[in-house]
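The structure appears right after this line, and notes come after that.
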Amino acid sequence: MTPDDKKKQVALAALETVEMDTIIGIGTGSTANHFIDALAGIKHKIEGTVASSEASAERLRSHGIPVLELNNVNEISVYVDGADESNKHMHLIKGGGGALTREKIVAAASKRFVCIADDSKLVDVLGKFPLPVEVIPMARSYVARELVKLGGKPIWRDNFVTDNGNVILDVHNLEITDPVALENELNAITGVVTNGLFARRGADILMLGSDNGVKVIE
Ligand code: 5RP
């Protein structure tokens, strides 16, 4: 199976985690897109969705799936999203698509976080995938210098502005042995909006598409 076949396989399987007549949080990226397409088949059975990006909101609307404002919603039963890396503790690196801030907000506001990915995303130690950090534009150089002090090599993502009007620094050369500590440390740098470590609020369930079917870690 190709990585995309595995993403499609796991996205379909994630439909089982959807609670009927509730509001579903929707992630961003190619795996989340497969989930949106699958969700279209049961759109009459859910109350609506909250999207983690303009791109996902647009795709949801193109299927006739209602998209609600988070501020108008009391409870999201489950958040379904992909990841760039996960360790076995379900600490994640996210933000390859640049939607990390809204993803983190919707994940925080959801009762359960179901992470869906192809099996290549499961790693022993996080950090081979460059860690995205969303930064207020005027703080870019300052934050980059602080990231270098922490041992990282930040690269300004070319021609990219987030849905929130900010820039992304992709931090290379990190070996993340304590994801919770690093998430806190990065959050404390003035000018950082969000970092792509989802460790304080990691996934509750990890579903991995593979040649041998969908593997579930909980
Ligand atoms: C977007 C994300 C995505 O979940 C992550 O990049 C994985 O993407 P894909 O499903 O395309 O492999 O965090 O900001």
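Using N, Cα and C of the backbone, Cβ positions are placed for all residues, glycine too.
A TrEMBL annotation is a machine prediction, not a hand-curated record.
TrEMBL names Thr28, Gly29, Ser30, Thr31, Asp81, Gly82, Ala83, Asp84, Lys94, Gly95, Gly96, Gly97 as substrate ligands; from the candidate set Lys6, Lys111, Lys121, the record adds Lys121 to that same site. Across the residues annotated as binding substrate (Thr28, Gly29, Ser30, Thr31, Asp81, Gly82, Ala83, Asp84, Lys94, Gly95, Gly96, Gly97, Lys121), the two Cα atoms farthest apart lie 16 Å from each other. Restricting the binding-site residues Ser30, Asp81, Lys121 to those with a CA within 10 Å of the CA of Glu103 (active site, proton acceptor) leaves Asp81, listed by sequence position. With a cut-off of 8 Å between CB atoms and residues at least 6 apart in sequence, the same chain places Ala51, Ser52, Ser53, Ala55, Ser56, Asp81, Gly82, Gly97, Ala99, Arg102, Glu103 near Thr28 (substrate binding site), listed in sequence order. Other Cβ atoms within 10 Å of the Cβ of Ser30 (substrate binding site) number 15 in total over all chains.
Sequence-distant contacts of Ala83 (substrate binding site), defined as residues of its own chain at least six apart whose C-beta falls under 8 angstroms from its C-beta, comprise Leu92, Ile93, Lys94, Cys115, Ala117, Lys121, Phe198, Ala203.
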